[in-house]
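Notes to accompany the following structure.
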Amino acid sequence: MSAHPLLAVSEVETFYGRIQALRGVSLDVHQGEIVTLIGANGAGKSTLMMTICGSPQARSGRVLYDGQDITTFPTHQIMHMGIAQSPEGRRIFGRMTVMENLMIGASVADQKFFDEDLERAFALFPRLKDRRDQRGGTLSGGEQQMLAIARALMARPRLLLLDEPSLGLAPLVVKQIFGAIGELNRADGLTVFLVEQNAYHALKLAHRGYVMVNGQITMSGTGTELLARDEIRAAYLEGGAH
Amino acid sequence: MEYFVQQLINGVTLGSIYGLIAIGYTMVYGIVGMINFAHGDIFMVGAFVSLIAITALGLTASTGLGLTIIALILVLIFAMLIASVYGWTVERIAYRPLRGSFRLAPLITAIGMSIVLQNYVQIAQGARVKPLQPIIQDGYTIMRRVDEQGEFVVQISNMQIFIILLTTALMVTFSMIIAKTPLGRAQRACEQDRKMAALSGINVDRTISLTFVMGAALAAVAGLMFLLYYGVIDFFIGFVAGVKAFTAAVLGGIGSLPGAMLGGLVIGLIETFWSAYFSIEYKDVAAFAMLALVLIFLPQGLLGKPEVEKV
Ligand SMILES: Nc1ncnc2c1ncn2[C@@H]1O[C@H](COP(=O)(O)OP(=O)(O)OP(=O)(O)O)[C@@H](O)[C@H]1O
Ligand SMILES: [Mg+2]
């Protein structure tokens, strides 16, 4: 573990107009870790993901990336520093082909890696290879989710932010994606910060986890620790996959 | 028949000019969802800058062919540069600060910018029409018929060839930029989802600025063509040509690039044929009646985007 965390969020407050969505959030993600954030609907998880990327910017508190204060950096500049996000709702460019979506994702990366990265993305999601010339908007929901993740990977990030990557995917595909995330983390040392509804899978996969309630972090610990806690089981694992 | 072919050539020429202006409307609409009402005036500025440059270079019909070509290229580049600066500035001072404000706000400043540009040119260049002696002359007779009613000839002038070829070349280049280059992809990404574009590392503000610059540069080309073709300009040409090019953009399907080109051609042809066969006084009425009809019966335009995406 390096001296400072790769991502350090401290006392962040984010507002939408007068509505406060984050109420002093602090957390760390270290180089090489998989960290997950779980919480109920409306807790502020997606807001935190977007605040890290500067859209919206935190009204107070700080976001440090690799030791540098990026709180007020414009979004596109942050994305050039090695952060990539697969956002909530997938946000595929619907009138562009799968290939074009991937090219957009790769626009912050060194173009000499493009072919290699494309190969890797297609190996991860072979379905995308078959549909490379199809318009993103006509893909199925699951295929769009795969494309969103692949697009983020094309940026060759150091820190990958995933907002509910398992949403709308068949259990088998979820397993595959989580397997792939674990693999990227082990093999390439990719650091992952992951928001999940699927708390069981996420906590199993992650080294550490945080729980967010109403814009605040209420609990944190290793994945196994959190999985063992009764309040977590009751609130987030009820009826989930065991 | 000869008369028809002649009108066809004239109509395509006029349509080329409208098409080039229409691209600016359609691209800006695509990326920021607003009608840039000052765009016609950027075209007018382009025409005036061209006139100033031509006068400064001392270009006349008696200039040799080689020199004329070099001089026109210089004039073209100069006009495109200056118009780009205008387009960029208009966006920067009148639209960008209002991004995210209510929908009508940029529309109102757009009309304001249009008035500012017209008045500025009126004061700086005078209100009277400015003539320019023909520079590109001659042409080819492509059809000729003599019968008891007289002689009919169909001619295509060098000027018309110049306009049609340059327009075609620009449109091909431009379509390639949009379809194949990183800038074109960035523009389309901003068009579809600005937030995601930013999340992909695209500088949205810069991309929008470049879109205005590209539109303005094409409008300047149209301005030079207009000046050379008609030989007179005044501070008001941007209004009429602008509204027609806007009609062309709507007709083709606002937001669609091929639509703007097609719409420009159709408007140019309608206007020319109407003048030729019915009445020249009502040519503008014909063009605007077309706008009304399109808005009523074909609001998507000829090549408008069908919205089929999943959300
Ligand atoms: N653009 C917005 N404008 C106003 N309020 C917003 C906006 N986006 C989110 N909110 C509010 O902020 C709060 C946090 O939303 P957020 O999307 O971050 O929750 P979440 O934890 O990601 O929820 P979910 O699990 O449903 O995705 C919610 O109360 C939501 O209504
Ligand atoms: Mg969310």
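Positions of Cβ are set from backbone N, Cα and C atoms, glycine also.
Given the structure is predicted, the values throughout are model-derived calculations rather than measurements.
Here is what TrEMBL says about this protein:
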- B:12-35: transmembrane segment (TRANSMEM)
- B:42-61: transmembrane segment (TRANSMEM)
- B:67-90: transmembrane segment (TRANSMEM)
- B:102-121: transmembrane segment (TRANSMEM)
- B:159-179: transmembrane segment (TRANSMEM)
- B:208-229: transmembrane segment (TRANSMEM)
- B:286-303: transmembrane segment (TRANSMEM)
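It is B:208-229 that, among the stretches B:42-61, B:102-121, B:159-179, B:208-229, B:286-303, forms the most Cβ pairs under 8 Å with the transmembrane segment (B:67-90). Taking Cβ pairs closer than 8 Å, the transmembrane segment (B:159-179) reaches residues 9-10, 12-13, 16-17, 19-20, 23, 134, 136-137, 139, 187-188, 214, 218, 221, 225, 228-229, 257-258, 261 in its own chain, all 6 or more past its ends. Ranked by the number of CB pairs under 8 Å to the transmembrane segment (B:42-61), the listed stretches B:12-35, B:208-229, B:286-303 are led by B:208-229. In this chain, the transmembrane segment (B:12-35) lies in contact with the transmembrane segment (B:208-229); the count of Cβ pairs under 8 Å, excluding pairs fewer than 6 apart in sequence, is at least 3.
Only residues 6 or more beyond the boundaries of the transmembrane segment (B:12-35), in the same chain, are considered here, and those with a CB under 8 A from a CB of the stretch are 42-43, 87, 95, 99, 103, 106-107, 110, 160, 163-164, 167-168, 170-171, 174, 187, 190-191, 207-208, 211-212, 214-216, 218-219, 221-222, 225-226, 229, 241-242, 244-246, 248-249, 252, 254-257, 259-269, 271-272.
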